[in-house]
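The active site, proton donor annotation in Swiss-Prot covers 515 and rests on similarity to another entry. Swiss-Prot lists 482, 514, 563, 638 with the feature Mn(2+) 2 binding site, giving similarity to another entry as the kind of evidence. Summarising the annotation, Swiss-Prot assigns compositional bias 'Basic and acidic residues' to 15-27. Taken from Swiss-Prot, the feature compositional bias 'Low complexity' covers 40-49, 105-125, 143-155, 247-260. If you look up Swiss-Prot, you'll see 62-77, 95-104, 261-273, 291-302 marked as compositional bias 'Polar residues'. The compositional bias 'Acidic residues' annotation in Swiss-Prot covers 160-172. According to Swiss-Prot, the N-myristoyl glycine annotation covers 2. Residues or ranges marked as phosphoserine by Swiss-Prot: 55, 71, 203, 224, 275, 310. Residues annotated as region 'Disordered' in Swiss-Prot: 1-382.
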């Protein structure tokens, strides 16, 4: 499946042989899921797109195929190029049968109309995929009980954003992305099959010719962030001797945990609750927003009930507290989340017709109306009068927000302003924070699930991905991070993902990537986009939300999913489970490694990363990790790969990258890895499209939505 042999393929495999082989072995092809004709029309870079055009003219030519199991002993798949992968369809069955159960597909590929009909009821048969409403699937989150401590709900402010002036005076231009030399890309006429089942063999002995991520293993392999931004703080060890850095790191797990924001908040990445900086930030945010929501929506202090003030507390102290922390004055209760009297549930068992409302974080109760608990009219302050005069903010309807975001995406126009109000964005972020904190830092999921790699603000490609793989809740999703930066529509991208998280909290999951932190977003585009299209407070609100994201996930106890990779200080999964959130990304330690580390074919088990952050780990480290924790596969993102996915170390690790034509510079494909209930791993691909082709695809989707609205 990897590209290790793509350059070693002999010359006797000519293009003529490829085309003849396609015609002769049509019925033996593995299922090629990259056949969504509505989204492959404009690809002129491969013959596979031409076949997609023919298949659109005659859907009867769609073929039936079996999924072929892969084995770590399959030297043909490990060493052959794409044409080998397409023609090799002999199943190889490793001994671990309970993990390798799969059944060949016996049904022909459905047309677009019948596919839509199967996704919903009769009323949805003519709707485009983005508008189909259906019952959510059963929850796949096993450890749904909250695993974090109560102290995680303490008010938290990010010290890295506290000193930012909301007027944006200190925000400079994002530096251009470093140019990267592409590795001798040859124009292959046909890429071959991109959907193959994953079968992990117990043997850890790699086959001859499997070179993993070596310089000859892929036509294009590049880390999505080759260098660390200059503003990213690093310890002295990062730039010093590698052995000294490792010795410092290997025995510093306790300090790593301390850097990950303990409940006391006395770290370099947090501001204490009663700090003057917090008061200053709160008052400054009230003046610059321009919307109806004050503050940043940090989680309220436990046992604080503003609706029922304590008789012993003086009205003056209450008013002083509210003036300093306006966003802490209200917390949604389970019995009053909707103006219609409906309780908002964080469960996927709710029907699709149930409207989900997110209550605003503005203060409510007697204080909003300016009346004090002691009834003293003369004790009203100017702050209370201002709060009384402000127009109340209505709860947002998540379904309506999702449709507005989809309409904006299919409009294919990058506007200066976002389609949502600032107050709506803040409410969405606040609700998402609550959901992230209510779920563990280490998710344990059941199949089936679709695993998505880096998206990087490529909003149109995200809509193409959902169209191909199914809009929620048609499929369960696990995203591996890096939702913002680089792309031109990071705001729409992260907002749509957060809305789906709110709508389907136990079927839609988001992990944290290395770009979901304050320092990186300041350099690579998201800060500038928020400053240009909203304001700096919106960026701060998103950073606070990023600080609550989970760090890793385990699928059915066999597949370890993370954004970056492994860590030399990870000795137990409980160390990830017990990470206290919210937390920024520390300069070193467990969290830093999970988000920044990379695989390497070096002989050293652990060595310094050329990014300047974290480590690189080789095959030995991967095998030790798998054997220690009983996993069969590590699924990660964090690197650009030409085919959208790439295996390493005899299929014990796979990199998934889901942003096709990354930054408009790399002619790479995007991939989504699907894990079936039988632990069969397959890949669905998105072909790289230029801006003109993307606009035509979005135009077609826009026309379908208009017809459905009529």
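Residue positions begin at 1 at the first shown residue.
Including glycine, each Cβ sits where the backbone N, Cα and C put it.
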Counting across all protein chains shown, how many other Cβ atoms sit within 10 Å of the Cβ of residue 482 (Mn(2+) 2 binding site)?
30
For the residue listed as 'active site, proton donor', what is the tally of other C-beta atoms lying within 10 angstroms of its C-beta?
30
State the count of C-beta atoms found within 10 angstroms of the C-beta of residue 638 (Mn(2+) 2 binding site), not counting that atom itself.
28
Per DSSP, to which secondary structure element type does residue 514 (Mn(2+) 2 binding site) belong, with helix, strand and coil as the options?
coil
